[in-house]
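Feature list (source: TrEMBL):
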DOMAIN    3-178  domain 'Formyl transferase N-terminal'
BINDING   12, 13, 14  N(1)-(5-phospho-beta-D-ribosyl)glycinamide binding site
BINDING   85, 86, 87, 88, 102  (6R)-10-formyltetrahydrofolate binding site
ACT_SITE  104  active site, proton donor
SITE      145  site 'Raises pKa of active site His'
Ligand code: GAR
């Protein structure tokens, strides 16, 4: 099993999907060992604690240094960004190359990159009038949302959608499915390498 850290900033529904899959034995290569938030009030921290996973909040000053220390202390081999809304430095992503994955709520290369996060992504998709959107899991490199794509899943945009209704459908029909699958796939690859 690969000891895995999940980085979060908000509600943590993607973290919950990972916790639920792990509990059902559907991610045999992933051991959820640590949850780190850059936001003190993130409900994701509560979800982690309820699941018995170490949960830490790290403030902005010295964030990456402290994160690095925690990752080493916990023997982490894989980092999953699950609604983590801070951009990691080039140095950090280089050190962890091939070991960090992110879920993004659109079909990359549409509606991605700096400034596209959370509801803004879905507002932009509705504004452009696309009929299909979705979610993407990709490796993280120094370019925001620019790393190699691991998995994607398409979701229909329906008449009358708001950013909120579309966000929910993309989560239910794409994110909560492909993030655990991709985490397991990458962890399995890491185990074998
Ligand atoms: C998710 O939709 C995730 O894809 C998105 O933030 C939301 C977090 O929800 N991430 C990004 O926009 C990253 N660019 P959650 O906290 O309930 O998992």
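For all residues, glycine too, the Cβ spot is worked out from N, Cα and C.
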C-beta crowding around residue 85 ((6R)-10-formyltetrahydrofolate binding site), within 10 angstroms: 13
Of 12, 87, 88, 104, the recorded positions whose C-beta sits under 6 angstroms from any atom of ligand 1 are 12, 104
Other than 85, 86, 87, 88, 102 themselves, what residues in this chain have Cβ atoms within 8 Å of the centroid of the (6R)-10-formyltetrahydrofolate site's Cβ atoms? 7, 81, 84, 144
Densest Cβ environment (other Cβ within 10 Å) across the binding-site residues 87, 88 belongs to 88
Which one of these binding-site residues, 13, 14, has the sparsest Cβ neighbourhood, judged by other Cβ atoms within 10 angstroms? 13
If you run the three-state DSSP split on residue 14 (N(1)-(5-phospho-beta-D-ribosyl)glycinamide binding site), which class comes out? helix
Between the Cα atoms of residue 86 ((6R)-10-formyltetrahydrofolate binding site) and residue 145 (site 'Raises pKa of active site His'), find the distance and write it as a whole number of Å. 12
Of 12, 13, 14, 87, 88, 145, which recorded positions come within 10 Å of the residue listed as 'active site, proton donor', going by C-alpha to C-alpha distance? 145
Would you list the other residues of this chain near N(1)-(5-phospho-beta-D-ribosyl)glycinamide - those whose C-beta lies within 8 angstroms of the C-beta centroid of 12, 13, 14 - in sequence order? 8, 10, 11, 15, 16, 17, 44, 47, 82, 83, 171, 176
